[in-house]
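Features of the protein shown, as given by Swiss-Prot:
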DOMAIN    129-335  domain 'ATP-grasp'
BINDING   162-217  ATP binding site
BINDING   D288, E302  Mg(2+) 1 binding site
BINDING   E302, N304  Mg(2+) 2 binding site
Amino acid sequence: MKKKVAILFGGQSTEHEVSRVSAASVLRNIDTSKYDLFPIGITKKGEWFEYTGSADKIENGEWEKDEFYKSPNGQAILFNKEVDVVFPVMHGLYGEDGTIQGLCKLVGVPCVGPSVLSSSVCMDKVYTKYVLEHFNIKQADYVVVHAHEYKTSKEEIIKEIENKLGYAVFIKPSNSGSSVGITKAHNRKELEAGLEEAMKYDRKILVEEALNAREIEVAVLGNEEPKAAIPGEIVPAKEFYDYEAKYENAASKLLIPANLSNENLEKIKNIAIEVYKALDCSGMSRVDFLVDKDTTEMYLNEVNTIPGFTSISMYPKLWAAAGKDYSKLIDELIELAASRNNA
């Protein structure tokens, strides 16, 4: 008997469009001889719809206007437990932060990817740092800025950043993905502008020292005994791998494997698995590192619990390089969700 799988996409986060592209890619690659599919789209207004039309219309956003294939029973499918597994392809807030995971837990339907707690901690860059400090995972130096404190103590906070980190620094909303709202500052003027920009997306901001580093990504898969694929390297077309470089600039390159020694490839895989376990991840995550260009010292950058699944995304590409094609990867993720739920 075929498993019934709900593919959730869209949502109210700033990564709505990326989610649509990822979902379309999953729908094109999933083995329909094994699964009955229930694509469920969530609009930017928070409306839920089942959509049975083409993946192309999901990708380009036309699905919302396609009344023939759209029905308003998206929530009912989940709440009535009409599916066996939920595969959330929703990046960022409300999809990757434990919200959808908690909803699935509440209604008793297995969900692909990490648990509520793991998802919420990994989504919050500041709390990820707090947890991994306990496990002695090397990370870039940082300062946390709260919006309400910045309004009343701006000068003191700016001086703290300058004294502790110097320039250049990266300014990041704590709860945001796909590099949305991230800027790089080389001086005080750019720092102030970057903080204002980041506060459009979150009230808690992470300011990190800008390392002279390469960006290395490791795909991890599994529950109690996770495995890591061969690491890949991002060569951004711009100064850093921002939203435009990730999704709109074809000049950015993905190198598989990363240009590291065999010893360091194994080392970074082992650290990625250590991070995965420390954060109690399950199902999947992409663990991102910064590797110093001079010393090859490895610094944890962030953990993505629902990594991109587009045709150009690193997570499926890394597993394909390891011999696990896209369709088989989806199969394994669904099985991991079901087995964790039955454990």
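Using the three backbone atoms N, Cα and C, a Cβ is placed for every residue, glycine included.
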C-beta crowding around V169 (ATP binding site), within 10 angstroms: 26
Mean per-residue pLDDT computed across the domain 'ATP-grasp' (129-335): 93
Other CB atoms, at most 10 A from the CB of E197 (ATP binding site): 15
D288 (Mg(2+) 1 binding site) and E190 (ATP binding site), Cα-Cα, nearest whole angstrom: 25
Cβ neighbours within the same chain of T183 (ATP binding site) - under 8 Å, at least six residues apart: F170, I171, E190, A193, G194, E197, A198
E302 (Mg(2+) 1 binding site) and K204 (ATP binding site), Cα-Cα, nearest whole angstrom: 16
Pairwise CA distance, E302 (Mg(2+) 1 binding site) versus E162 (ATP binding site), rounded so that it is a whole Å: 23
